[in-house]
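Taken straight from Swiss-Prot:
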type     : residues : note
SIGNAL   : 1-19     : signal peptide
REGION   : 20-44    : region 'Framework-1'
DOMAIN   : 20-118   : domain 'Ig-like'
DISULFID : C41-C116 : disulfide bond
REGION   : 45-54    : region 'Complementarity-determining-1'
REGION   : 55-71    : region 'Framework-2'
REGION   : 72-78    : region 'Complementarity-determining-2'
REGION   : 79-116   : region 'Framework-3'
Amino acid sequence: MKHLWFFLLLVAAPRWVLSQVQLQESGPGLVKPSETLSLTCTVSGGSVSSGSYYWSWIRQPPGKGLEWIGYIYYSGSTNYNPSLKSRVTISVDTSKNQFSLKLSSVTAADTAVYYCAR
């Protein structure tokens with residue numbers, strides 16, 4: 001029982017510490033092939049202008065693992081997954097405390113659950 005409690009505390013503590021910052025994705029649920037997927041992530045309880053973090057987009061295709069799409073720093077500098085780089089744009093709007101993802105020319109291979117992350 002002691003081991004179980006230790007495990008639970010170890011897992012739960014980081015979530016409690018970080019719970020003040022929340023990220024909420026918004027955008028269309030469906031996009032037609034060849035169109036552009038546009039998603040926005042709104043940050044609450046923190047600021048995208050914080051110089052301590054990179055703001056990321058990741059996705060998880062059905063039945064597969066997580067795939068990193070890219071990240072942006074508050075200054076606007078970006079880094080993208082090489083396999084998606086030609087189709088991806090990530091931008092930040094510090095006035096709205098948001099960052100956004102645009103993925104152009106989508107195909108069935110882009111079917112996934114998309115997440116924003118810090």
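Backbone N, Cα and C atoms are what each Cβ position is placed from, and that goes for glycine too.
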**Message:** If I restrict to non-local contacts, at least six residues apart, and a C-beta distance under 8 angstroms, what lies near C116 (disulfide bond) in its own chain?
**Reply:** L23, E25, L39, C41, W55, S56, W57, F99, L101
**Prompt:** How many helix, strand and coil residues does the region 'Framework-2' (55-71) contain under DSSP?
**Reply:** 0 helix, 11 strand, 6 coil
**Request:** Work out, from DSSP, the number of helix, strand and coil residues along the region 'Complementarity-determining-2' (72-78).
**Result:** 0 helix, 3 strand, 4 coil
**C41 (disulfide bond), number of other Cβ atoms within 10 Å** = 25
